[in-house]
């Protein structure tokens, strides 16, 4: 028998009600080992609930050698077998992002943008002879996807940042396809013009983000514009490799250099990730074009891609240095790469007399 820190071996009647037994046990323990202790009110086993005062020890299945506790408080109830699982499930549920009406509208809007772009690409009949990646198909796809993204941004108020990103990705593709449709240029012109349009748009993304709405949401809009233009740059570099040549490969490398040069001064994690992903996409497109141009030398594109991956990984681990950099950024390498995209794009277009 234990009362607080005091304990003693006692022999007690098994049929005497607990209510009558508790005062006797308290008196015995106080006289023997612990005088002055507060009178207890409950009797229980070490792992069980308090015993019913109207029953005896035998009625509760307590036999010889059992350990009993005299308590001044009832003690915590025994845990239910599923309490731990329920607590774990509740903790996991709190860490989840619940599916809400705004999330449902965002998912439906993304599906609408995807469906509109695909319908625009498939709108030309097969007998028109327009191959995949041709300017007319991309013109319709970019116009349909961009229009759907703008409408969803107005209607789906749950997450406008997603639709701003989609519109920023579709806009350069539509503009490049429009120019390539009007001018007599090579098939790879859409990709080259898309790369040039996205890099120019990326330079003006901060000003555009401020003019699209209130200043409080400018940071989110800038993130969406950066992610959309970076994705469009990678798509344009890939489209340029439909008919791979030396200029298209060099254009993909230059675009990757421009995007990578913007990573060190960037402080926002999402924008840094978008720029790195866009640079990786441009490098991948350039490697694909290089492998198609020189099919017998597949090891060189593989080595170049591996080296670029290591470089981008190292660039992503750099500490953001935005405040420590001069105001006139990008550095010379990024500026040279940006300037090189203009002649490379003109070269890819195939204008007569270029270069001379």
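Each Cβ is built from the backbone N, Cα and C atoms, and glycine gets one as well.
TrEMBL: automatically predicted annotations, no manual curation.
Going by TrEMBL, these are the annotated features:
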- 100-213: domain 'EccD-like transmembrane' (DOMAIN)
- 102-126: transmembrane segment (TRANSMEM)
- 138-156: transmembrane segment (TRANSMEM)
- 163-183: transmembrane segment (TRANSMEM)
- 189-210: transmembrane segment (TRANSMEM)
- 222-239: transmembrane segment (TRANSMEM)
- 273-291: transmembrane segment (TRANSMEM)
- 297-315: transmembrane segment (TRANSMEM)
- 335-354: transmembrane segment (TRANSMEM)
Positions whose Cβ lies under 8 angstroms from the transmembrane segment (273-291), at least six residues beyond its ends: 195, 223, 226-227, 229-231, 233-235, 237-238, 240-241, 244-245, 248-253, 255-257, 259-260, 262-263, 266, 298, 300-302, 304-305, 308-309, 312, 315-316
Spatial neighbours of the transmembrane segment (222-239) far in sequence, C-beta under 8 Å, 6+ residues away: 133, 138, 161-162, 164-173, 176, 188, 190-195, 197-199, 201-202, 205-206, 208-209, 251-252, 255-256, 259, 268, 270-271, 274-275, 277-282, 284-286, 288
Distant-in-sequence neighbours of the transmembrane segment (335-354), which means Cβ under 8 A and at least six residues beyond its ends: 183, 185-186, 188-189, 191-193, 195-196, 199, 203, 240, 245, 247-248, 250-251, 254-255, 257-258, 261
